Amino acid sequence: MARSMKLACVALVICMVVIAPMAEAALSCGTVSADMAPCVTYLQAPNNASPPPPCCAGVKKLLAAATTTPDRQAACNCLKSAAGSIPKLNTNNAAALPGKCGVSIPYKISTSTNCNTVRF
């Protein structure tokens with residue numbers, strides 16, 4: 001009986017160690033990309049362009065979904081990666097996007113952002 005309790009405890013600890021990191025960051029890059037997809041044309045547009053309403057809806061949805069520090073860091077890393085893959089990215093528009101959508105995020109959307117410093 002004592003041996004089976006030890007095995008059960010060991011199994012529980014192993015499950016906690018394996019599952020905990022997966023639960024930390026609930027946001028995937030797929031989710032971030034889907035929310036931000038309507039913004040690509042704005043991010044490639046000349047300065048002073050206005051983001052389309054579906055873009056701002058995606059920005060607000062992403063902000064609402066990023067409720068923890070790991071979520072915000074995951075979103076930041078996904079945005080940083082996406083910014084690096086958009087041809088002809090207008091970095092001024094990328095940096096201005098949250099403000100133009102009426103929200104505030106604690107970092108600049110840029111390929112040089114240090115996402116490890118992002119906190120909730």
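The backbone N, Cα and C atoms fix where each Cβ goes, and this holds for glycine too.
Now, the feature entries from Swiss-Prot:
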type     : residues : note
SIGNAL   : 1-25     : signal peptide
DISULFID : C29-C78  : disulfide bond
DISULFID : C39-C55  : disulfide bond
DISULFID : C56-C101 : disulfide bond
DISULFID : C76-C115 : disulfide bond
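Annotated features taken from Swiss-Prot, shown on the structure.
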{"residue": "C29", "record": "disulfide bond", "DSSP class": "helix"}
{"residue": "C39", "record": "disulfide bond", "DSSP class": "helix"}
{"residue": "C55", "record": "disulfide bond", "DSSP class": "helix"}
{"residue": "C76", "record": "disulfide bond", "DSSP class": "helix"}
{"residue": "C101", "record": "disulfide bond", "DSSP class": "coil"}
{"residue": "C115", "record": "disulfide bond", "DSSP class": "helix"}
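The disulfide-bonded residues considered are C56, C115; of these, C115 has the fewest other C-beta atoms within 10 angstroms of its C-beta. Within 10 Å of the C-beta atom of C29 (disulfide bond) sit 14 other C-beta atoms, taking all shown protein chains into account.
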